[in-house]
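Engineer: Right, I'll just put the structure down here and ask away after.
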C-alpha cells in the first residue's frame, strides 16, 4: 500500500515547491497562448492534469514490458491517444471552447511536463504514485495558468469568466482597459514576476 504521506507530497509539492512552470520553466508556450481568458485556462489546466495523470498511470503499468529502445515512441503513442480523446470530448461537449483552444489541446502531446513526468517518474514508479504525480504536476501547471489568466483577463478587459468585474469607460463606468494584457508578451512578464515572487518567498528555489 502506498504511503499516504508520500502520496500527499507527490500531489501537492508541484503546486508551489516544485511547480513545473515556476521552478522547472516547462510548458511556457501554451501558458502564453491560452491565458487571455480564465475559461480557456481552466479547461486547458484540467486537460493537461488528466492527460499527465492517466498517461503516467498507463505508462507505469506497462513500463516493465517496454523495450528501452522504443520507450519514447510508446510513451508518445499513449499520450497521443489520451490527447485525442480529450480533444474529441471537447469538440462534442464544449465546441466553442474547443475552437478557442484551437491547436493547443492537440499540442499537449509535445508539452514537456507530460513527457517529463512519463520519462522521469512513471518509467520508474508504481501506477498509483505515477497517477498522483501526474495529476499533481498537471494541477500545478493549471494553477499558474489560472493566476496568469485572471490577471490578464481582469486588467485587459475588466471581466472574469465573461462577467463584468470593473465597469469599463466604454460602458459608462470608470475602468480603462489595458489591451497590452491581452497580448502574449504580457504573459511573459506576469510569469516572470510570479517566478521572482516565489523565489523571493522561497530562496531555496533560486538557482545557484
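Just so you know, glycine gets a Cβ as well, placed from its N, Cα and C.
Relevant sequence annotations retrieved from Swiss-Prot are reproduced here:
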TRANSMEM  42-62  transmembrane segment
TRANSMEM  72-92  transmembrane segment
TRANSMEM  103-123  transmembrane segment
TRANSMEM  131-151  transmembrane segment
TRANSMEM  178-198  transmembrane segment
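Would you situate these features in the structure and describe their surroundings?
Structural biologist: Through the fold, the transmembrane segment (42-62) approaches residues 27, 30, 34, 74-75, 78-79, 82-83, 86, 90, 94, 97, 101, 104-105, 108, 111, 113-114, 117-118, 121-123, 125-135, 137-139, 141-143, 145-146, 149 of its own chain, all at least 6 residues removed from its boundaries and within a Cβ separation under 8 Å.
Distant neighbours of the transmembrane segment (72-92): 43, 47, 50-51, 54-55, 58-59, 62, 66, 98, 101, 105-106, 108-109, 114-115, 118-119; these residues of the same chain sit at least 6 beyond its ends, with a Cβ under 8 Å from one of its Cβ atoms.
Nonlocal intrachain contacts for the transmembrane segment (178-198), taken as residues 6+ away from its ends with a CB within less than 8 angstroms of a stretch CB, comprise 16, 19, 21-23, 25, 28, 31-33, 35-36, 144, 147-148, 151-152, 155-157, 205.
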Engineer: Mind checking which residues of the chain, 6+ beyond the ends of the transmembrane segment (103-123), have their Cβ under 8 Å from one of its Cβ atoms?
Structural biologist: 20, 24, 26-27, 29-30, 33-34, 44, 47-48, 51-52, 55-57, 59-60, 63, 66, 71-72, 75-76, 78-80, 83, 86-87, 90, 129-130, 133-134, 137-138, 141
Engineer: Where else in the chain does the transmembrane segment (131-151) make close Cβ contacts, counting only residues six or more beyond its ends and a cut-off under 8 Å?
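Structural biologist: Here the qualifying positions are 7, 10-16, 18-22, 26-27, 31, 34-38, 40-42, 44-46, 48-57, 60, 113-114, 117, 121-122, 125, 160, 181, 187, 190-191, 194.
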